[in-house]
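Q: What follows is a single structure, and I will ask about it in a moment.
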Amino acid sequence: MPNLRGDAAIASLPSPIALYKGRFRPDGTTLIACIFGFLAFATLAFVSIELTRGDGRIAVVWLPNALAASILLRMKFRNERILLAAFLAGNVTANLFVGDTLSTALILSSANITEIIIALWLVRKFASSRPTMEDTRDLVVFVLGAGLVAPLVSATVASLVLAGAGNASFSGVMQWAAADALSMVIIAPAVLVLWDAISNPRLPTRKEALEWATLTALGTSVTLIVFLQTSYPLLFLVPPIIISHAFRLGALGTAFSVFKVATIAVIATQMGYGPINLLPMPLHSQLIVLEAFLASSVLVGFPVAAVLSTRERLTEEFINSRKHLALLAQNITDAILRYDLHGVCTYASPSVSRVLGAAPEEFVGMTTGERVHPEAREEVAGVEERLLSGKSKSERFTYRRFLDSEDGSPVYIEADCALAFDHATGEREGIVVSARDVTERVELERKLKRATRHAENAARAKAQFLANMSHEIRTPMNGVLGFADLLARMELDPEAARYADLIARSGRSMMMLLNDILDISKIESGQLVINYETFDLPRLVEDCVRLHMAGAERKGIKLGASCPEDIPAHIQSDPLRLRQVLLNLIGNAVKFTETGAVTVSVLQEGPRLAISVEDSGIGIDPKRLDGIFDPFIQEEASTTRRFGGTGLGLSISRKLAELLGGSLTVESMPGVGSRFTLRIPLQEVDQDLDDPAMEERRAGNRLAPPPSASVLVAEDHDVNRMLVTAMLEQLGQRVTVAYDGSEAVKMALDAAESEAPFDLVLMDIQMPGCDGYTATRTIRSHGVGLSQLPIIALTANAFPEDIAAAQEAGMQGHLAKPLVFEELTAVLARWLPVRIVPDNTGTLPPPPSASPARKPSSELLERWNARRSEALAAVTAAVEQDVLEGVHIEELARTVHKLAGTAGMFGEEALGEKAAALERALRSGVEPVVRRKLAEELLEAA
């Protein structure tokens, strides 16, 4: 600061430190810095005033402000306000020592602190908190902010104050500003550059040291020659020296050169030497010219050094970037290619050789269409067109590579394509492609698709197999059970009646087993459909209990049900599946209970309904509870032998419970009993299902066989034709037979046009040529409506989708094989004229008499005895040779199966049961010891 001394007392001036808000809370480091800052600022201020002042006591160079700003730009303090206060105190002290009054000293010192604060604020806001003089932006901001704006503001504040004392002049203000600007422009950049060099020391190379020594000696010599003579105006020799330092030694060399030139010029000019003294003007004017020269030297040297440093930095960054890109290009696994707007490759990374099978040189200069496989040419062209036309900005696709692998197999490439844009103009420049070999993934995907197709085909085949199995098994069983039913209605002697009953029981057992297998298969394949409807819950539970009451009474077991009155009577669920689960649970409870009771309880648990079946039977080992619901699993191997069964019932029941939205759990203890609990969502229905009048009619009346009507039976299977015809004739109907669908269509249409149309059609579904669906659609398409001619489906496929398909084809009802009188009667009553008769009329009239059944012929008995002997011989051999496991058991199981299926028909029920138990053991994988025991029991029973 040039110290303008004034004699007049100035009132007061607010300190610039007041601009900083907050309280002073110095720490130890800040206090030490304040002490040293006070001493350094006072010393430098005193030296600047005393050693560089002219006649008017104006300091030519004001060092403290530049050094203070440099320190605050490089060092971090917890509270800069305290340090600024120390600087202020040091400035005031120096001013007092050189003779200023207290008021003048305070005002001028405050102006200096204001300059420092403004310089720091401008640089930190518009450059950075740690500016570097090697960056052109930071240098420009520092020169304009700290070297121009801040000194002018400080000089203006000082001039306004001193104007009141009568000691201010324009030349004095300009000298103040010039002195502060000179120190900021010359001293501060040099200090900042030197600080950075000391903070990051680096030993110069031999070449750099020689260059430093040469330029320093040459520059110092030329500067001394210029300023130690007063004969020639040689100032023009100084700028080349500073520029040479800037070019060769960078910012540090420039700072050193500027500081050196300034020091020599100031001292020589003060001593009366140098080109400045050639000017015919007063000393203060000569000093202004000298200051302008020094400032121009700084403004020439540092910008050049900054530009060169920035260029070197950018060059180094560019080189490093290229190195990084080269490193990535050499090691990246993807192939990188760039195409221009004409589809010509302009760059290909080294990884192209590995991914695309050819050297990068083979791609550069080629178009996309020249290096693409014929199979992928159209797809690649489409992607290129969409990208270049702007329809999309990026594309990903997989294509076959132009070159196959060495073994001739195709190679597949996945490519990510994106538009490349010019950063300056935003215009499209081309396409960048990142490609990788995905042959292995493509093969895996294809294998997965093939596996998925195979699985879907297998599922379809399984479903078709189930449908065919259902049809093929139900069709002959229709004959077995139907004729057994007809046989049981005849007047038979006791032995024949027992045989007929055995036939019916064996058929029903087989149908139950078939239904279980079909159910579990349908559930596992996700094809079982749940049909929700409203029904009477207490009645359903009562019906399930009633069906097992006879079995419980035979064993002396008490069977009962408990359903509180607060349980909703009518709910929504699938009554068929719910009945199936309850019948299985109650049947198991009765089967595995020898003494005691079986109780069915219905409870409401919040939004769910809990139905428990509790027994006092054999119980289940806790270790086996987790697996009891798995297919073909029972409590233990001996359970199969003792009680029979397939082990499918509980598995089906749990899966059905889950399909109903509920669960099935078990609690059990061996020797105490078990409790199975079915929980399903409770969906209460607030309506009466049945009309009370209808209930009364049901209680007092029953359906009688429909009157004689004309029924057309379309059936291609001879046994089924005979059975349906016999059953319908027993019910008093007139029967006409069609042997296939085409004949049924012709007969139905002919009859519809005659005076004696059919009253009902029983249509088989699976018939050769024209099936039942096609025949029905044909009949309906000729104008024979639903009310004119009811058509009922006859099929062994009893699944819900089969019923839906029949209805879609134009049929009104569905009869599942094997047929039973009750279901057939219900269908006739539904679709033929019905007459209601009172219940007190007694039993139905007996069916037409038939000839009594004959006993088995001698030929049949002889064949049975031969098959019986063969089976027992096979079992005996297996026991003696101990081959009840391994590859031979399947053949033995088939032999025993035949024995189990026929023994009961010839009065050997025990033998049949033993054979069935052995067959299940052979197929279920139980222990060989158990198999041997069952085989021995079979031989004993024979």
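Along the chain as shown, residues are numbered 1 onward.
Just so it is clear, glycine is given a Cβ too, placed from its N, Cα and C backbone atoms.
Pulled from TrEMBL, these are the listed features:
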type: TRANSMEM; residues: 30-51; note: transmembrane segment
type: TRANSMEM; residues: 82-99; note: transmembrane segment
type: TRANSMEM; residues: 105-127; note: transmembrane segment
type: TRANSMEM; residues: 139-164; note: transmembrane segment
type: TRANSMEM; residues: 176-198; note: transmembrane segment
type: TRANSMEM; residues: 210-229; note: transmembrane segment
type: TRANSMEM; residues: 249-268; note: transmembrane segment
type: TRANSMEM; residues: 288-308; note: transmembrane segment
type: DOMAIN; residues: 321-391; note: domain 'PAS'
type: DOMAIN; residues: 396-450; note: domain 'PAC'
type: DOMAIN; residues: 468-684; note: domain 'Histidine kinase'
type: DOMAIN; residues: 710-832; note: domain 'Response regulatory'
type: MOD_RES; residues: Asp764; note: 4-aspartylphosphate
type: REGION; residues: 840-859; note: region 'Disordered'
type: DOMAIN; residues: 853-942; note: domain 'HPt'
type: MOD_RES; residues: His897; note: phosphohistidine
Q: Per DSSP, the residue listed as '4-aspartylphosphate' is which: helix, strand or coil?
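A: Note: the residue listed as '4-aspartylphosphate' is in a strand by DSSP.
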Q: With every protein chain in view, how many other Cβ atoms are within 10 Å of the Cβ of the residue listed as '4-aspartylphosphate'?
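A: Summing over all protein chains shown, the residue listed as '4-aspartylphosphate' has 28 other Cβ atoms within 10 Å.
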Q: Would the transmembrane segment (105-127) and the transmembrane segment (30-51) count as touching if the test is at least 3 Cβ pairs under 8 Å, pairs 6 or more apart?
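A: Contact between the transmembrane segment (105-127) and the transmembrane segment (30-51): absent.
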Q: Mind tallying the domain 'PAC' (396-450) by DSSP state, helix then strand then coil?
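A: Summed over the domain 'PAC' (396-450), the classes give 12 helix, 25 strand, 18 coil.
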Q: Same-chain Cβ contacts of the transmembrane segment (176-198) under 8 Å, 6 or more residues past its ends?
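A: Distal contacts: 1-2, 4, 58-63, 65-67, 69-70, 73-74, 115, 119, 131-134, 139, 142-143, 146-148, 150-152, 154-155, 158-159, 251-252, 254-256, 258-259, 262, 288, 291-292, 294-295, 298-299, 302.
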Q: Summarise the domain 'PAS' (321-391) by DSSP state, stating how many residues are helix, strand and coil.
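A: Counts, helix then strand then coil: 38 helix, 12 strand, 21 coil.
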